[in-house]
Amino acid sequence: MCPGLWGTCFWLWGSLLWLSIGRSGNVPPTTQPKCTDFQSANLLRGTNLKVQFLLFTPSDPGCGQLVEEDSDIRNSEFNASLGTKLIIHGFRALGTKPSWINKFIRALLRAADANVIAVDWVYGSTGMYFSAVENVVKLSLEISRFLSKLLELGVSESSIHIIGVSLGAHVGGMVGHFYKGQLGRITGLDPAGPEYTRASLEERLDSGDALFVEAIHTDTDNLGIRIPVGHVDYFVNGGQDQPGCPAFIHAGYSYLICDHMRAVHLYISALENTCPLMAFPCASYKAFLAGDCLDCFNPFLLSCPRIGLVERGGVKIEPLPKEVRVYLQTTSSAPYCVHHSLVEFNLKEKRKKDTSIEVTFLGNNVTSSVKITIPKDHLEGRGIIAHQNPHCQINQVKLKFHISSRVWRKDRTPIVGTFCTAPLPVNDSKKTVCIPEPVRLQVSMAVLRDLKMACV
């Protein structure tokens with residue numbers, strides 16, 4: 001206080017202010033970009049659309065640089081000569097930042113030399129799902145306007161890769177539609193099903209929205225779309241009921257969201273790990289598990305598609321086929337990848353009833369099992385076994401003959417047959433390994449045999 005001396009007090013404060021301004025001119029400007037985080041909304045104020053575009057770079061993967069105006073982009077670390085990857089999240093019921101986004105951004109920056117931009121539309125995706133759907137067109141227009149600024153800086157349409165999660169996949173599809181399908185790539189991570197399964201091609205993600213469109217389906221019986229929407233559609237574990245996810249509703253929120261979000265975690269794992277998440281074209285998951293689809297010749301000419309950043313998913317054929325359903329199995333936790341093998345058992349004599357044989361691969365303290373059925377009056381039964389160990393680390397196979405507990409008069413006659421296996425894709429007979437001698441199986445008694453398979 002300056003009691004009774006207001007003029008003196010004013011002069012002192014003015015001098016201090018002048019000194020602070022003058023001294024600040026001697027401090028070199030900071031080179032650190034200002035970091036901006038995702039917005040937080042709530043049910044009362046989260047339905048009105050408010051978009052942020054946040055740029056992340058390898059030099060500071062935890063710092064999102066707000067790039068909305070042309071000047072923001074020019075003054076940022078954005079590199080127009082690199083590819084650009086946009087991440088678009090989906091519906092945010094509680095108005096919170098996606099829990100997976102930081103890990104996703106870091107994985108992308110490590111895996112690709114590219115600009116990574118997260119589209120934050122927490123405001124607009126919160127509250128009721130249907131209000132978020134109503135914001136999709138407006139959001140798509142805002143993203144399209146933002147991309148036009150990047151194109152003015154020299155970015156090519158073909159270098160833009162949109163990765164959309166759930167509802168964000170259809171946002172990406174609409175943006176691609178606005179650019180007449182000339183964007184480089186769109187990846188849909190379990191594209192949303194409600195309101196979109198019967199939507200027109202203009203309203204949802206489809207193969208015409210980019211030069212290459214892929215979708216990973218993990219929750220087709222609940223929150224995800226059940227129809228193919230890309231050039232290649234991965235139906236992981238059949239597209240529903242992912243291993244490790246709760247099977248009963250008493251698990252609460254995890255029961256509702258686990259299958260749906262598995263697509264995100266699979267993609268992150270594909271970015272972080274080298275083991276391939278390879279899939280195989282087939283008419284259905286049931287047919288795939290039955291061993292009816294063993295290679296990728298039709299329609300990919302032997303190049304099996306893989307989840308991840310590999311160009312066009314590893315598909316080399318031209319022109320690209322559309323809406324191809326491909327199937328793969330996974331484990332319950334990261335890195336999720338498995339090796340798929342065909343297993344076959346050929347009976348020496350036909351039987352008048354179905355024959356069930358349990359096949360177990362043993363190697364390095366890891367076991368994998370599958371049951372195959374030989375229909376009555378048939379000699380051959382086959383199936384697909386998924387195993388974590390590479391083929392050359394499978395040391396033994398255990399075979400066990402089962403009979404149905406529902407049959408009153410049980411035929412316990414032993415069976416005799418030959419066992420063979422081959423890693424997928426089965427492109428030639430040279431990969432097939434058979435147990436040299438016929439195997440005699442008695443009911444419920446396990447038989448162990450050595451296996452020697454080459455690494456592939």
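Placed from the backbone N, Cα and C atoms, the Cβ positions cover glycine too.
Computed from a predicted structure; not experimentally measured.
Annotated in Swiss-Prot:
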- Ser166: active site, nucleophile (ACT_SITE)
- Asp190: active site, charge relay system (ACT_SITE)
- His260: active site, charge relay system (ACT_SITE)
- Cys245-Cys258: disulfide bond (DISULFID)
- Cys282-Cys293: disulfide bond (DISULFID)
- Cys296-Cys304: disulfide bond (DISULFID)
- Asn365: N-linked glycosylation site (CARBOHYD)
- 1-24: signal peptide (SIGNAL)
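In this structure, the C-alpha atom of Cys304 (disulfide bond) lies 20 angstrom from that of Asp190 (active site, charge relay system). Considering only the recorded positions Asp190, Cys296, Asn365, the residue listed as 'active site, nucleophile' has Asp190 as its nearest partner by CA-CA distance. Its own atom aside, the Cβ of His260 (active site, charge relay system) has 23 Cβ atoms within 10 angstroms in the protein chains shown. You'll find the Cα of Cys293 (disulfide bond) roughly 28 Å from the Cα of Cys258 (disulfide bond). Looking only at Cα atoms, His260 (active site, charge relay system) sits nearest to Asp190 among the recorded positions Asp190, Cys245, Cys282, Cys296, Asn365. Taking only the Cα positions, the spacing between Cys245 (disulfide bond) and Asp190 (active site, charge relay system) is 15 angstrom. Reduced to three states, the DSSP call for Cys245 (disulfide bond) is coil. In this structure the C-alpha atoms belonging to Cys296 (disulfide bond) and the residue listed as 'N-linked glycosylation site' are separated by 31 Å. With respect to Cys258 (disulfide bond), the closest of these recorded positions in Cα terms is Asp190, chosen from Asp190, Cys282, Asn365. Note: the Cα of Asp190 (active site, charge relay system) and the Cα of Asn365 (N-linked glycosylation site) are spaced 34 Å from each other. Remark: Cys282 (disulfide bond) has Phe288, Asp292, Cys293, Arg325, Val326, Tyr327 as non-local neighbours, by Cβ distance under 8 Å and separation of at least 6 in sequence.
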